[in-house]
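K.L.:
First, the structure itself, so that you have it in front of you.
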């Protein structure tokens, strides 16, 4: 709707079509966004890395995205540094003896000046605008301006200087000696030269930590001594050592914040670790065909303090840098500036104070053939109805459709004198291929991740929703507020936590997890909800893994998907074992079935609270994507064609776009919420996807083929980055951030943690204090102004101490519900489709990972598996007796890569600690009113009154014999019982639900003619046999009727013959009385005794015999006079 209103306001009277043209965008507003009384600082640009690989210079974000080549042929021997304010990279090509520079986007490459061939170090003084170089042979440090002019020698007579560094905020420079392991320091004036330390080994890498004012270095040491990074303060004291993960000598290092980055010989990767401990490691794997990276630099505003960021610069400065369409006062500039100071399309006002728009259409120099429209800073050509604008953006051509096939054009085609030409709808332009359209009016949304705002027929700009900032590419949007987003994902036997850049990778929950495939979180109460497949219940815990508690323990069979309605305060899950979708409130007390008809094997599920809809995948015999209301009504089929096994499903709540993955087709697809505009996002390179999540500009999905988590651009499916690290089967995953689930109000739960007033803003709780109070340093509590003054006076260092705690890494303290596995190593794979690690092409087996052993790398099976690293098999801890399950009170259930303990019947607990249930005291026994219940270990006995004197007598009114069996005078529970009320309606077609203890499952006893777990399928073999038997009976009946009918016809014919003869004889008798007389006389003779019976019709009867299964293939036979005849009919005629 937003797009439609904006688009119509610009193009209400324009009906022409547009083609290629340059996009023009306005400069953005200031760096702060205001929402009520709360001010949010806009997020600065993301940090990225610049490094040399081979003879090319690359850049890449620390999370592995935006990997691109800046300089193709930079030289082989290179030293380099950057100037953040200029947005430029400087480097020295030692072979060509040139100092060169290029912008961070790869444009504007130029040569600054010639240099000597012995340059051994380069550093940028970003405050004074100077370049410092060391010459190892001349032993000098030279200083020039940023254009290579005004050269002067700062220091001379040095011993082979190299690795020069500068901290202009402290007015200090540092360098090392090539031959010895010495570190030196001087001020920027070349005075106060000091040697900080001396070491026997050569210092190969030297870097500065501007934040903590420390030096970090690595040395080319003896065998076994290359595994350390050393540091000291600016005075050479407080020396510290950390161990790095590389197996060879380091080539380069960089520092940013609390992270240290490095690369090493023979390793095509960049390591990222905690600079204090060397742990919390992330490995960024680059193209395996390349050489190790060198000259690593972290580019960010804070890497060069005092640099004015473009986001913090004045409007005039930003517009000058980008030559945007801004109006600004010249009072901020040189008053003698001329019109060249204004951006293109603008000119100086008459009073020379402002830049104003130039009306190119009025100047008649626009070149448009038919129509011209002026816009601020530019113009565009228009055409009347029936004409279209040609690719030059100037000429109009009559609209003549192309004949025949025009499928190569993404939108439409016209016929011109130069041949067929692809065209685009108004507001979009043709891409470089001349076939594909892009723009606000096309499906790619102009390349904008969120909002596309048209400026003209051929130009537009991108914008973002509240809470997001437009990034440097002017297309992507990133969250501008809140904590750092992270991933939560189920890894079959545990739940893990990881930031997008692979840092803070740890296990949150692993104890008694079994098999977990379903997971989601509640942003209001900051809770994780997950389903246990092996233990058949649903739990929840805090986002840090603490305070585990069971929520739903009855009626859960095989949960494979779970979704939390963070607004309606409910949870929904799919149960493939019961073929249902169920729901409950967050307490688990109001449990109900949502969908049970026409559903086979539901798996993934997503909820849209604002649309009040459920979306799910069904992997059964008729794979499909479906939707319904939150109550299960109004079911809608989203997709059913071209599906094999749709698994995960997710919603982009900002654009109302549905995403799903198909495990067997190895594809990710997207569509509108009603199933329209369906298209494939990625194909053939997503492995075995199981689950999805969407946030910012990316789709995340889990892969079982190469156990890992992958992300791609949510619009194009490109820029694939893979994160892996000792994963088994990563399943359900979610992105945790206040903006990930819009509309969440954390103030609803315990007032958002605020003592006084809580205001929700973009998914976060903003605490305010009542009049007369001020906020405490924790931002939650409120203090009286008097207490605040005391706090500021007597405890002056407290605020500093609190700030330090807030800025320090959060400690991970394990408890009973969590493990100490916070040292997991994450790997970022940015090598495209090529997959290779230190263990060789293809890596290790599916249940193994690659580890370092000295300078070698070997495959090692994951925990819970055994083998040679290439082939690893699950260890059955239950069979081996190596589990921690108490044998008397619990049973061991083996799972892939682990096991879980489940309390036996009659016990309760967490599976490892099980206590006897006193059924008699709880009233959960099955004894009759007249019996006495006696609790036993793991069970109970029912005793009849007077039973010892009368053993074996049943108790009157005892529990049903179907549930109890006789054992002397006691009634004990049988192994088969009925199902709980939650299973009502589970068995279909007349089936009876019952619990079988031996298999620990609820099963259905189907009536004859039906089969399946829920008796949902007809027994085709039984129906076929029944049909065949019915057919045989039908055939026999038909034949029998035919035989009877034939017999009746014969009898009727015989009776007719007899009647005819009788009448004829009577007629003849009347004509010959003498003959009749003589005949009557003779009939009374002795030989006429038998002839008397034949004077009337002889009696006939037929006996039919049915042959149910004739073996000789002959029809059923008939007999005369009671005799059975094998074939045909017989008579005495």
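Think of each number as a place in line: the chain as shown, counted from 1.
Every residue, even glycine, has its Cβ placed from backbone N, Cα and C.
Grabbed the feature section from Swiss-Prot, which reads as follows:
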REPEAT    171-212  repeat 'LDL-receptor class B 3'
REPEAT    213-259  repeat 'LDL-receptor class B 4'
DISULFID  368-381  disulfide bond
DISULFID  402-413  disulfide bond
DISULFID  409-422  disulfide bond
DISULFID  424-437  disulfide bond
DOMAIN    436-478  domain 'EGF-like 4'
REPEAT    526-568  repeat 'LDL-receptor class B 6'
REPEAT    569-611  repeat 'LDL-receptor class B 7'
DISULFID  769-782  disulfide bond
DISULFID  839-850  disulfide bond
DISULFID  844-859  disulfide bond
DISULFID  878-892  disulfide bond
DISULFID  920-933  disulfide bond
DISULFID  927-942  disulfide bond
DOMAIN    975-1016  domain 'EGF-like 9'
DISULFID  979-993  disulfide bond
DISULFID  1006-1015  disulfide bond
TOPO_DOM  1058-1133  topological domain 'Cytoplasmic'
K.L.:
Run through the Cβ atoms and count how many others sit within 10 Å of the one on residue 933 (disulfide bond).
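P.N.:
By my count, 18.
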K.L.:
What else in the chain is close to the repeat 'LDL-receptor class B 6' (526-568), if you only count residues 6 or more beyond its ends and a Cβ gap under 8 Å?
P.N.:
488, 490, 495, 508-509, 512-520, 574-578, 582, 584, 586-588, 591, 602-607, 609-610, 612, 614, 616-617, 630, 649, 732, 736, 741, 743-744, 746, 815, 817-818, 893, 895, 900, 902, 911, 980, 982-983, 1001-1002
K.L.:
For the disulfide-bonded residues 437, 920, which Cβ has the most other Cβ atoms within 10 Å, all shown protein chains included?
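P.N.:
Buried the deepest by this measure is 437.
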K.L.:
With residue 850 (disulfide bond) as the reference Cα, tell me which of the disulfide-bonded residues 409, 844, 892, 927, 993 is the closest one.
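P.N.:
Answer for the nearest of the disulfide-bonded residues: 844.
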K.L.:
Output, ordered by sequence, the same-chain residues six or more apart from residue 782 (disulfide bond) with a CB under 8 Å from its CB, or 'none'.
P.N.:
755, 756, 769, 770, 773, 774, 775, 776
K.L.:
For the repeat 'LDL-receptor class B 7' (569-611), what are the same-chain contacts with Cβ under 8 Å, counting residues 6+ beyond its ends?
P.N.:
518, 520, 522, 524-525, 529, 531, 538, 550-563, 617-622, 628, 630-632, 635, 646-651, 653, 656, 658, 660, 673, 691-692, 742-743, 982-983, 985-986, 1013-1014, 1016
K.L.:
If you average the pLDDT over the topological domain 'Cytoplasmic' (1058-1133), what number do you get?
P.N.:
44
K.L.:
Select the most exposed residue of 769, 839, where exposure means the fewest other Cβ atoms within 10 Å, treating these as the disulfide-bonded residues.
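P.N.:
Taking 769, 839 as the disulfide-bonded residues, the minimal 10 Å Cβ count falls on 769.
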K.L.:
So for residue 368 (disulfide bond), how many other CB atoms are inside 10 Å of its CB?
P.N.:
20
K.L.:
Cα of residue 920 (disulfide bond) to Cα of residue 839 (disulfide bond): how many Å, rounded?
P.N.:
61
K.L.:
Compute the C-alpha separation of residue 942 (disulfide bond) from residue 402 (disulfide bond), stating it in Å without decimals.
P.N.:
90
K.L.:
Could you tell me how many residues in the repeat 'LDL-receptor class B 7' (569-611) are helical, how many are strand and how many are coil under DSSP?
P.N.:
0 helix, 24 strand, 19 coil
K.L.:
Would you mind checking how many other C-beta atoms are within 10 angstroms of the C-beta on residue 1015 (disulfide bond)?
P.N.:
22
